[in-house]
Amino acid sequence: MVNEPRGNGSPGPRWEGSSSGSESSRTSSRCSTPGLDPERCERLREKMKRKMDSGDKWFSLEFFPPRTAQGAVNLISRFDRMGAGGPLFVDVTWHPAGDPGSDKETSSMVIASTAVNYCGLETILHMTCCHQSREEITGHLNKAKQLGLKNILALRGDPIGDQWEEEEGGFNYATDLVKHIRNEFGDYFDVCVAGYPKGHPEGESFEADLKHLKEKVAAGADFIITQLFFEAETFFRFVKACSEIGITCPVLPGIFPIQGYHSLRQLVKLSKLEVPQQIKDVIEPIKDNDAAIRNYGIEQAVSLCQELLASGLVPGLHFYTLNREVATIEVLKRLGLWIEDPRRPLPWALSAHPKRRVEDVRPIFWASRPKSYIYRTQEWDEFPNGRWGNSSSPAFGELKDYYLFYLKSKSPKEELLKMWGEELTSEESVFQVFAHHLSGEPNQNGYKVTCLPWNDEPLAAETSLMKEELLRVNRRGILTINSQPNINGKPSSDPIVGWGPSGGYVFQKAYLEFFTSRETVEALLQVLKKYELRVNYHIVDVKGENITNAPELQPNAVTWGIFPGREIIQPTVVDPVSFMFWKDEAFALWIEQWGKLYEEESPSRMIIQYIHDNYFLVNLVDNEFPLDNCLWQVVEDTFELLSRPPQDKRETEAL
């Protein structure tokens with residue numbers, strides 16, 4: 001361990017003046033080495049080709065923008081849950097009535113951008129040319145490119161009234177839109193178009209519709225997604241007809257698991273499809289029983305998909321979810337396409353933005369708030385690759401709005417109060433909230449604490465390796481918000497701590513990050529003198545007054561992996577400079593997400609305010625990863641010192 005030298009040349013802790021991460025400049029130094037996972041840099045069509053060449057089947061999911069801000073929060077949560085099953089891509093529909101190209105949180109553009117940037121999903125944005133000028137469409141495409149979207153589903157769109165009216169200076173057909181994309185943007189976008197297995201409802205004939213489809217492909221479309229259908233033979237005839245007229249690109253069948261009588265009627269009305277009589281005969285008698293219809297819909301979809309997959313004509317399945325998850329996930333599980341335990345390319349959640357696809361290093365502080373980290377680094381032109389580098393001023397943007405919908409807690413205020421306490425009576429009340437979050441046991445009101453302001457997701461699997469120790473220290477006022485155990489050469493396939501390619505080994509230094517009182521910090525600093533050559537620490541208050549024994553600009557790698565034929569990868573670091581940016585956010589969350597649940601000047605609000613104003617944020621790293629984790633002993637020694645009579649404490653300080 002390297003420490004900042006004192007004036008006499010010996011190592012020791014260093015006090016820093018008040019500072020805030022927001023005061024640093026935007027200049028940064030970054031190193032670039034080959035990425036860990038080449039697949040992250042593949043285009044969607046390249047991913048499709050690789051899977052088709054290997055015979056691996058895939059699935060994809062369609063969603064539509066919500067109508068409300070809370071609906072947007074719920075949809076992003078659904079992206080995270082359904083993204084865990086391993087879709088090759090998702091697509092987001094274009095709703096002309098919902099101002100789809102705007103910056104509204106319910107717009108198609110923002111929802112698709114969020115799926116890419118904050119949920120790490122390969123995403124296709126629908127775009128229609130109906131009632132839009134050439135300039136408007138070009139503007140939408142430029143905006144999509146800027147936001148990191150690389151895939152477009154080009155559609156004509158539906159007329160607002162009953163009759164189609166040509167747009168002066170616009171486009172009249174999806175073919176025109178595909179040509180425009182290729183003329184203006186070259187090969188930047190992968191382009192998908194729609195196919196109609198029974199012909200477009202407004203088409204002259206099935207043959208004429210196929211001719212238009214071939215024109216769309218010839219104009220530059222890369223693949224086709226079909227409208228929904230209910231019988232496999234419908235798709236087989238369509239694919240055969242496509243092949244006969246020279247369409248050779250992938251054709252993905254659109255699958256709609258029937259989930260309710262009214263939703264089926266509405267979808268059939270919009271798509272102008274005819275439901276087969278045998279399906280009507282089953283549904284009509286049970287039309288008022290949603291559970292029975294959903295169960296039938298699952299069985300029907302599984303049977304249809306099995307027939308499609310068995311044909312050898314289907315490389316993947318595209319599901320129309322209607323923003324629901326239960327039926328689609330059940331179908332995918334029965335087909336064996338849902339990934340129950342996805343392998344993690346890196347220890348943290350990825351972004352699918354093209355400029356972040358070589359990113360493979362992040363500070364550990366945002367481990368439980370990856371969307372916040374992505375938001376605060378969205379203006380970076382380059383991202384750390386290979387190592388964090390020796391940067392004196394990483395350009396973290398300020399997090400002024402804690403209620404951006406993709407950063408907002410998934411739980412409404414009423415649920416948060418039930419979890420965190422409708423009334424707090426003391427600091428110990430807060431300690432109990434942290435303890436209940438770790439234990440998973442209901443609190444005194446009978447509610448489970450499933451989240452905290454610093455962690456809106458389920459606890460990481462590796463937390464189970466330290467659960468008893470974490471519970472013990474949280475009950476005594478060491479309020480942990482981030483931690484990891486030490487790991488010495490576990491296989492990369494390990495179900496709890498594994499990440500990266502097969503055949504590798506992963507390593508971790510023990511890490512502990514927590515809030516605690518001034519009294520505890522004073523005792524901790526006395527104890528840390530015994531661990532000076534082993535434990536790095538950084539302690540800071542809300543004003544930025546901080547003490548550390550880590551050299552100012554030296555990041556400490558706390559997670560790394562060794563893989564066959566590759567350089568060592570170190571995806572997680574403890575960086576003292578970044579910690580000062582993180583502390584602003586970490587302290588603010590006390591007030592923004594917890595304190596503001598209560599009335600101003602109320603006892604509960606004042607307790608949270610007191611913790612915000614007086615507690616310290618601490619991080620500890622045990623550098624001796626091959627040995628038993630010493631951080632628990634550090635904390636136990638601190639508690640033991642706190643329990644001594646004042647005279648004994650003074651004698652200890654004098655040693």
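Keep in mind that glycine also has a Cβ here, set from the backbone N, Cα and C atoms.
Mapped onto three states, the DSSP output places Glu62 (active site, proton donor/acceptor) in strand. The Cβ of Glu62 (active site, proton donor/acceptor) lies under 8 Å from the Cβ of Val90, Asp91, Val92, Thr93, His318, Phe319, Tyr320, Thr321, each of these being in the same chain and 6 or more residues away along the sequence. Residues annotated as active site, proton donor/acceptor in Swiss-Prot: Glu62.
Other C-beta atoms found within 10 angstroms of the C-beta of Pro66 (NAD(+) binding site) number 20, with every protein chain shown included. The NAD(+) binding site feature in Swiss-Prot is assigned to Glu62, Phe63, Phe64, Pro65, Pro66, Arg67, Thr93, Trp94.
The Cβ of Thr93 (NAD(+) binding site) has 21 other Cβ atoms within 10 Å, all protein chains considered. Thr93 (NAD(+) binding site) falls within neither a helix nor a strand when secondary structure is assigned with DSSP, and so counts as coil. The feature FAD binding site is assigned by Swiss-Prot to 93-94, His126, 156-158, 173-174, Tyr196, 200-203, Asp209, Lys216, with similarity to another entry given as support.
Feature annotation from Swiss-Prot assigns substrate binding site to Asp158, Gln227, Tyr320, Arg324. Long-range neighbours of Asp158 (substrate binding site) (same chain, six or more residues apart, CB within less than 8 Å of its CB): Thr128, Cys130.
Swiss-Prot lists Asn455, Ala460, Ala461, Glu462, Thr463, Thr480, Ile481, Asn482, Ser483, Gln484, Thr559, Thr572 with the feature S-adenosyl-L-methionine binding site, giving similarity to another entry as the kind of evidence. Residue density at Thr463 (S-adenosyl-L-methionine binding site): 17 other Cβ atoms are found within 10 A of its Cβ, drawing on all protein chains shown.
Feature annotation from Swiss-Prot assigns compositional bias 'Low complexity' to 11-35.
For Ser10 (among others), the entry in Swiss-Prot reads phosphoserine, with the evidence type similarity to another entry.
Annotation comment: Swiss-Prot describes Ser18 (among others) as phosphoserine.
Look at Swiss-Prot and you will find Ser19 (among others) tagged as phosphoserine, backed by similarity to another entry.
If you look up Swiss-Prot, you'll see Ser22 (among others) marked as phosphoserine, on the strength of similarity to another entry.
The phosphoserine annotation in Swiss-Prot covers Ser25 (among others).
Per Swiss-Prot, the feature phosphoserine maps to Ser28 (among others).
Swiss-Prot lists Ser29 (among others) with the feature phosphoserine.
Look at Swiss-Prot and you will find Thr33 (among others) tagged as phosphothreonine, backed by similarity to another entry.
The phosphothreonine feature in Swiss-Prot is assigned to Thr93 (among others).
Residues annotated as phosphoserine in Swiss-Prot: Ser102 (among others). All protein chains included, Ser102 (phosphoserine) registers 14 other Cβ atoms within 10 Å of its own Cβ.
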Query raised in the report: How many Å separate the Cα atoms of Pro201 (FAD binding site) and Ile481 (S-adenosyl-L-methionine binding site)?
Result: 56
Requested in this report: Go through Arg67, His126, Lys216, Arg324, our binding-site residues, and report the one whose Cβ sees the most other Cβ atoms within 10 Å.
Outcome: Lys216
Report summary line: Checking the binding-site residues Pro65, Gly157, Pro201, Gly203 for other Cβ atoms within 10 Å of each Cβ, the smallest tally belongs to Pro201
**Report entry** Mapped DSSP class for Tyr196 (FAD binding site), helix or strand or coil
**Finding:** coil
**Report entry** Cβ neighbour count (within 10 Å, all chains shown) around Phe63 (NAD(+) binding site)
**Finding:** 23
Query raised in the report: Considering only the recorded positions Pro66, Thr450, Ala461, Thr463, Ser483, which residue has the minimal Cα-Cα separation from Gly157 (FAD binding site)?
Result: Pro66
Requested in this report: Looking only at C-alpha atoms, tell me how far Ala461 (S-adenosyl-L-methionine binding site) is from Thr450 (phosphothreonine), rounded to the nearest Å.
Outcome: 14
Query raised in the report: If you draw a 10 Å sphere on the Cβ of Thr450 (phosphothreonine), how many other Cβ atoms land inside?
Result: 17
Report summary line: Fewest neighbouring Cβ atoms within 10 Å among the binding-site residues Asn455, Ser483 goes to Asn455
